[in-house]
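Trainee: Checked TrEMBL, it gives:
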type	residues	note
TRANSMEM	28-49	transmembrane segment
TRANSMEM	227-247	transmembrane segment
TRANSMEM	254-272	transmembrane segment
TRANSMEM	310-331	transmembrane segment
TRANSMEM	352-375	transmembrane segment
TRANSMEM	447-474	transmembrane segment
TRANSMEM	595-616	transmembrane segment
TRANSMEM	637-657	transmembrane segment
Amino acid sequence: MESKKHGDSRTFDPNFKGPIHNRSCTDVLCCLLFILALLAYFAVGLLAWSQGDPRKVIYPTDSRGQFCGQIGTPLEKKPLLFYFNIMKCASPLVLLEFQCPTTQICVEKCPERFLTLKKAILNKEHMQYFSQFCKEGVDTTMMATELLRDGMCPSVIIPSRPFTRRCLPALETKKGGVVVIGNETTFTSGDVNLNATDLLEATKKSNIVVEARQVAMRIFEDYTQSWHWILLGLVIAMVLSLLFIILLRFLAGVMVWVMIILVILVIGYGIFHCYMQYAALKGQPGSDVTIKDLGLQTDFSIYLQIQQTWLAFMIILCIVEVVILLLLIFLRKRILIAIALIKEASKAVGHVMSSLFYPVLTFALVSVVIAYWAVTAVFLSTSSEPVYKVFNTTECEYSRQTCKPETFNRTNISAQCPDAECLFAFYGGETYYHKYLILFQFYNLFLFFWCVNFVTALGQVTLAGAFASYYWAFKKPDDIPAFPIFSSLGRALRYHTGSLAFGSLILSIIQVIRVILEYLEQKLKVAENRVAKFFLTCLKCCFWCLEKCIRFLNRNAYIMIAIYGKNFCTSAKDAFFLLMRNIVRVAVLDKVTDFLLFLGKLLIVGIVGVCSFFFFTRKIKAVEEAAPSLNYYWVPLLTVVFGTYLIAHGFFSVYAMCVDTLFLCFLEDLERNDGSAERPYFMSQNLLSTLKKPNEKVKTAWTTE
């Protein structure tokens, strides 16, 4: 009854010698759909590249939509953006349209002194200096009132500093919280007295878009200073991972226990370091400020100067340490079983050494997909046209309507609203292309997920086919086919592109739904509808669990595809029923091997991360002078840590795939054979004794002999 419920067990087949070579193409319709989707993706990319302009991200734009400082244009020598009236940047309009409702021009350098237009026009030298902050072609012989009426010049210029290519007031805060510009707290703009504190508020509003860019520029500078050290760190991570894998091949049992102990020690050192930093800051002025009171700071090093940050780090590491220790205590018996399986996987990897270098191909393909997606996304987001709107300070019925700067002065708008100006507002458009731009972005994201999942699936099928060839070779290594990785890759691409596209499509749809749910959650943050938030949280949890289940089913389905060459649905069903028929063994193995391999990745990341921390913070005296000068030392540190994890994950993913493949092949072997001379097992005696059921009596060809 149980057998029928979960399908029939495999029967003995004397001709079965591993992955079937005589197979046919599977899931052809999905293959054609994937090819058409890729062709459409390339078409979207070409359309985006023909319409987009990444300069909109790099250069600031003036009121006419021209790029400041762009090479090969009349504004090449004017890289900075100057605001006629920075006070207007305090308008709520900035929050809505991300544009200050004031004239903006490109200038060569920011103003360095106080000067009003009324005073400047009385002195030829002053007016010559002042005119560089007026519109091009200004007639300096005109009266000040005429220049202001026509919007040709600002009423006043104040000392400013370039900030992300924008001239913003050179504000300082003295003791007692007094805001000054230079040494002045107030100044006169025309007939109006202005306060430096008001300017500070206006400057904050003008920074709402560019503040993040300041951090990005500093991060970019850090990358230019440290990129070669980052590459060196990643090379060390690769060598360390490869060395660890080689040692695991010969000393699997010893290396696993060494790995466990070292992980505990590395995390323990992290706890000790955090405590020492916490204790060192105790009693220092300002160190007792909370992170909440500090708020968001662009200089992230400030957070490392308060006790609460190190206390949070210490608590997190303590929790991780306790969790790992508890898992090791309660899973000690299963760890022994997992070690035996890792030993067997080490032998397989040793016979198929080319499998260790296959993740390089996967990494290269994923990098190409990410690069294509990122470039297409940038070109799509910058493929809009400049949109101009009517900006004014008094009441006007044409306010915020679109306009054309070439014909604006000849329209009745300027007559009815004398103070109105036609200024660049944002990038957009009214064409069909611009209307459906959001759909192109969505398609770009969806194909990104589909392609990444397809590349991952291709790697899993290729490795599964190679390791299955090892397992089903009765005389190892004599019966192992030549070039198993290349043979498996060829079979996957020739016969099973459709099946891989099918499995990755299902996973991609779920991932896109999760992205949409994240987007909706961001939109609902300002809402007070708790019921909607509750249901949204439940949906997020459900789809997270669904994605994990689909990943598990896909992985085992790909193993069955690599062995039998059937379509995706049949392979997924066969793999699921095979696991269900052997649920006891699955429960014993569980995810213990994944946990041990994760500890291996954690160890390599910890070693490289700690060394990188000491290097970039200049705490190693021998190489103190070689370390680059950085704005944020955590930029190269996190890059190295993240890159190290990806590299270690690439190497250890080979082991994980090997373990899963050997386990499924082992279950198949038990159902097909009985260990007799006529039906001998393909597994080793050690693997059989490790994974057999308790009190299970088995006969093997070796014991018979």
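Placement of Cβ uses the backbone N, Cα and C atoms for every residue, glycine included.
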Trainee: Report yes or no: does the transmembrane segment (595-616) come within contact of the transmembrane segment (637-657), defined as 3 or more CB pairs under 8 Å with a sequence separation of 6 or more?
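Mentor: Yes, the transmembrane segment (595-616) contacts the transmembrane segment (637-657).
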Trainee: Under 8 Å between C-beta atoms and at least six residues away from its ends: which parts of the chain pack against the transmembrane segment (28-49)?
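Mentor: For the transmembrane segment (28-49), the list is 372, 375-376, 379-380, 383, 433, 440, 443-444, 447, 450-451, 454, 497-499, 501-502, 505, 568.
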Trainee: Can you find at least 3 Cβ pairs under 8 Å between the transmembrane segment (352-375) and the transmembrane segment (637-657), where each pair is 6 or more residues apart in sequence?
Mentor: yes
Trainee: Examine the transmembrane segment (637-657) against the transmembrane segment (254-272) and state whether at least 3 Cβ pairs sit under 8 A, considering only residue pairs 6 or more apart.
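Mentor: Since fewer than 3 Cβ pairs under 8 Å link them, the transmembrane segment (637-657) and the transmembrane segment (254-272) do not come into contact.
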